[in-house]
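Student: The active site, proton donor annotation in Swiss-Prot covers Glu433 and rests on similarity to another entry. Annotated thiamine diphosphate binding site per Swiss-Prot: His78, Gly128, Pro129, Leu130, Asn199, His275, Glu433, Phe461, in sequence order, evidence recorded as similarity to another entry. Positions annotated as Mg(2+) binding site by Swiss-Prot, on the basis of similarity to another entry: Asp169, Asn199, Val201. The site 'Important for catalytic activity' annotation in Swiss-Prot covers His38, His275.
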Amino acid sequence: MSMRIPKAASVNDEQHQRIIKYGRALVLDIVEQYGGGHPGSAMGAMAIGIALWKYTLKYAPNDPNYFNRDRFVLSNGHVCLFQYIFQHLYGLKSMTMAQLKSYHSNDFHSLCPGHPEIEHDAVEVTTGPLGQGISNSVGLAIATKNLAATYNKPGFDIITNKVYCMVGDACLQEGPALESISLAGHMGLDNLIVLYDNNQVCCDGSVDIANTEDISAKFKACNWNVIEVENASEDVATIVKALEYAQAEKHRPTLINCRTVIGSGAAFENHCAAHGNALGEDGVRELKIKYGMNPAQKFYIPQDVYDFFKEKPAEGDKLVAEWKSLVAKYVKAYPEEGQEFLARMRGELPKNWKSFLPQQEFTGDAPTRAAARELVRALGQNCKSVIAGCADLSVSVNLQWPGVKYFMDPSLSTQCGLSGDYSGRYIEYGIREHAMCAIANGLAAYNKGTFLPITSTFFMFYLYAAPAIRMAGLQELKAIHIGTHDSINEGENGPTHQPVESPALFRAMPNIYYMRPVDSAEVFGLFQKAVELPFSSILSLSRNEVLQYPGKSSAEKAQRGGYILEDAENAEVQIIGVGAEMEFAYKAAKILGRKFRTRVLSIPCTRLFDEQSIGYRRSVLRKDGRQVPTVVVDGHVAFGWERYATASYCMNTYGKSLPPEVIYEYFGYNPATIAKKVEAYVRACQRDPLLLHDFLDLKEKPNHDKVNKL
């Protein structure tokens, strides 16, 4: 059964009502001025805001990045006016009334974008795509649990913060939210409190046009503590009481199901029109008259409303001072752990982190995933910032280091005997790829550099997580994603598991570094680069063994994104090899070398290559000062290679269920076949140089391919 909180008494009910009413009027004024925005839920949630920022949250308006602050995440990010207005009321210096009025304006420097953005004060993560924020919140809660279990000592609870997340009806319809809710309950994250703005209205009408399940029962089934509050658009005291119960809960996260009214008090209350529309001048005037306000006054907050929050900056200063004093004493009492903690607060890895990594590259044939495995294991074993995990494919990806401890609810007893606690740094995410990467974003956002999240699964399944990876790029958050079993060499599992189109998507995402190394030397260089970059990276790795290129491939050169693997003076043709398919490119180049001066290039990361000087890029692609026929050989689609090559020998259909050694033959990845096609192309370009500008597809589709049956 859910806990239903009876109405609580409060001596401040009258003042609460004034704040709620003036807050609603301010929302309407702000939205009205530019004729757009999302007023409804911001109006309906005003009582929740008072309960949070007046009575519950630990925060410091003068130091919004205070390390041990409670984190608040607005998962239903379109309700951002709710958050901005309370930032203004509680005294966040940057959130002036002028800034509030810049919402939906053409002001380039507005701090009030249409959805909250991480670069602004007191915003923990960028939200907007529904379901992301609650997943990020699970990551933030994991971060807190792990830091507390790692560093807290008797008498020195230096990490005590909680995570509060507000969600709406639509958030709870999204897949990643449900994945994260399930995992949070399984982990027993009792430091996570979710407030559900339950107004039962969506864009197209009432929520029951699409959803009729019992949300509280769903959370209960996922091992959440559930508290229900009626009249949550008005009753501040009862929400505060619910939050107190939630804070006291041990062993489970808490959902506070707050029954609210969208557009409260206005003509469009309880109607979908309140979601994303201005009310209109007559409607705003009507609400102000109803509330006993001067309808001519716009953007007005009376002094007594400001006074209600006036102690919050001083309270925050005291909180910060006391915490800093506690940390100073901790550092004296535990100098080794203390210095390590301070370094992590600064976002620093151990200064000697590179020395943890293996120094010897593989000499024999080996999958590129094997090299990445050794690197992750070495870094994870020696660096507490690393928190790795996998989407139920640890047996294939195999990143666990010797002595690894799992991040798990310590009370959990599994049938297979696996156990752990909150100091563990390896997470079994289950088949929840989207949540995994969104949770990694939360870990990365806790405090930049305090955690280095590393996720892993088959490369194909990062497609499930693409929205979360995009959000990492948007927020400039750093995680390393280990995608194994890439290209068609994934093999017998067939085209459902062969990610022929995925690299094009991830290469297109700003601030995401897609890396596909050809051998262990490149893996070593690119993994090191991924650790150094301030952005997220995806290492796309082979299932099968690949050739090594000693004396030719280079860890250092790979960090520049592209280089000449094997040179030929005054080359007549160039072959770009990528990942596991470099073997075919390299061997085809040897055959071509009998007739043409042939150069072999490796371009494992186009984004890194694009960041090099134009002089360097020309020295690789046009070493002889002229464009020569350049053919890329890749086991994925050619889309995007037009910038670097003049023709492709790439996948132009989906894959097929065949063993790796057979599937390449089936799709024509044969050195002799490739050499024959490239030779014909070179001779055609000699006859018609304009072909160099047409980016031709040199690979034929298999005769038995489904496409050719149409």
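The backbone N, Cα and C atoms fix where each Cβ goes, and this holds for glycine too.
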Student: Given the recorded positions His38, Asp169, Val201, Glu433, find the one whose Cα is closest in space to the Cα of Leu130 (thiamine diphosphate binding site).
Tutor: Asp169
Student: Using a 10 Å radius around its CB, how many other CB atoms surround His78 (thiamine diphosphate binding site)?
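Tutor: Its Cβ has 23 other Cβ atoms within 10 Å.
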Student: If I take the alpha carbons of Asp169 (Mg(2+) binding site) and Pro129 (thiamine diphosphate binding site), what is the distance between them in whole Å?
Tutor: 13
Student: Would you mind pulling the DSSP three-state label for Val201 (Mg(2+) binding site)?
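Tutor: In the DSSP reduction, Val201 (Mg(2+) binding site) maps to strand.
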Student: Which of the three DSSP states, helix, strand or coil, fits Pro129 (thiamine diphosphate binding site)?
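Tutor: Where Pro129 (thiamine diphosphate binding site) sits, the three-state DSSP reduction gives coil.
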Student: Just checking the recorded positions His38, Gly128, Val201, Phe461: which sit within 10 A of Glu433 (active site, proton donor), CA to CA?
Tutor: Phe461
Student: Among the binding-site residues Leu130, Val201, point out the residue whose Cβ has the most other Cβ atoms within 10 Å, with all shown protein chains included in the count.
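Tutor: Checking each of Leu130, Val201, the winner is Val201.
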Student: Express the distance between the Cα positions of Phe461 (thiamine diphosphate binding site) and Val201 (Mg(2+) binding site) as a whole number of Å.
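Tutor: Rounded to the nearest whole number, the Cα-Cα distance is 33 Å.
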Student: Can you tell which of the recorded positions His38, His78, Gly128, His275 lies nearest to Val201 (Mg(2+) binding site) in space, using Cα positions?
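Tutor: Result: the closest of the recorded positions to Val201 (Mg(2+) binding site) is His275.
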Student: What Cα-Cα separation, expressed in whole Å, is found between His38 (site 'Important for catalytic activity') and Pro129 (thiamine diphosphate binding site)?
Tutor: 15
Student: For the recorded Mg(2+) site, whose residues are Asp169, Asn199, Val201, find every other residue on that chain with a C-beta no more than 8 angstroms from the centre of their C-beta atoms, and list them by sequence position.
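Tutor: Here the non-site neighbours turn out to be Ser41, Gly168, Asp197, Asn198, Gln200, Cys202, Ser206, Val207, Thr260, Ile262.
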Student: Please give me the CB contact count at 10 A for the residue listed as 'active site, proton donor', counting all chains in the structure.
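Tutor: So the number of other Cβ atoms within 10 Å of the residue listed as 'active site, proton donor' is 27.
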Student: Within the chain of Asn199 (thiamine diphosphate binding site), which residues six or more apart in sequence place their C-beta under 8 angstroms from its C-beta?
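Tutor: Set apart from Asn199 (thiamine diphosphate binding site) by at least 6 residues yet with Cβ under 8 Å, we have Gly40, Ser41, Gly44, Gly168, Asp169, Arg259, Thr260, Val261, Ile262, Asn270.
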